[in-house]
Amino acid sequence: MDAVTVYHGKISREMGEKLLLATGLDGSYLLRDSESVPGVYCLCVLYQGYIYTYRVSQTETGSWSAETAPGVHKRFFRKVKNLISAFQKPDQGIVTPLQYPVEKSSARSPQAPTGRRDSDICLKAP
């Protein structure tokens, strides 16, 4: 996971929100460890001043998947970078396409958050 440039590791939800809100760009995104579910990650996306959080996890067979909007077919990927590439396209079951990566090395000093909305959808490995 450390090879994924948007992976920020064990940062808090609040810190992730600050990093995204500091960009001010809809479609900004990052990946962080889930604070509530061990072994699960959160794909956090900025859209219209709110942060949407989608849970990402790895199955026992090594495939990666993200829980998306109800009714959207669940897709599995060999690598996290493939999952991210798929969600850069429109109509993939998340609020907006992933457009602006917030890389760990380029994280700036964040501003205070103005709002938050968690989809907080959880996907656990079977």
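Cβ atoms here come from the backbone N, Cα and C positions, even for glycine.
Note that the coordinates shown come from a computational prediction; the quantities given were computed from them, not determined experimentally.
Among the features that Swiss-Prot reports, compositional bias 'Basic and acidic residues' is placed at 115-126. The annotation domain 'SH2' is assigned in Swiss-Prot to 6-102 on the grounds of sequence analysis. Residues or ranges marked as N6-acetyllysine by Swiss-Prot on the basis of similarity to another entry: K89. Positions annotated as phosphoserine by Swiss-Prot: S119. Per Swiss-Prot, the feature region 'Interaction with FYN SH3 domain' maps to 67-92; the stated evidence is similarity to another entry. Swiss-Prot lists 100-126 with the feature region 'Disordered'.
With helix defined as DSSP H, G or I and strand as E or B, the domain 'SH2' (6-102) counts 18 helix, 29 strand, 50 coil. K89 (N6-acetyllysine) has a Cβ environment of 9 other Cβ atoms inside 10 Å.
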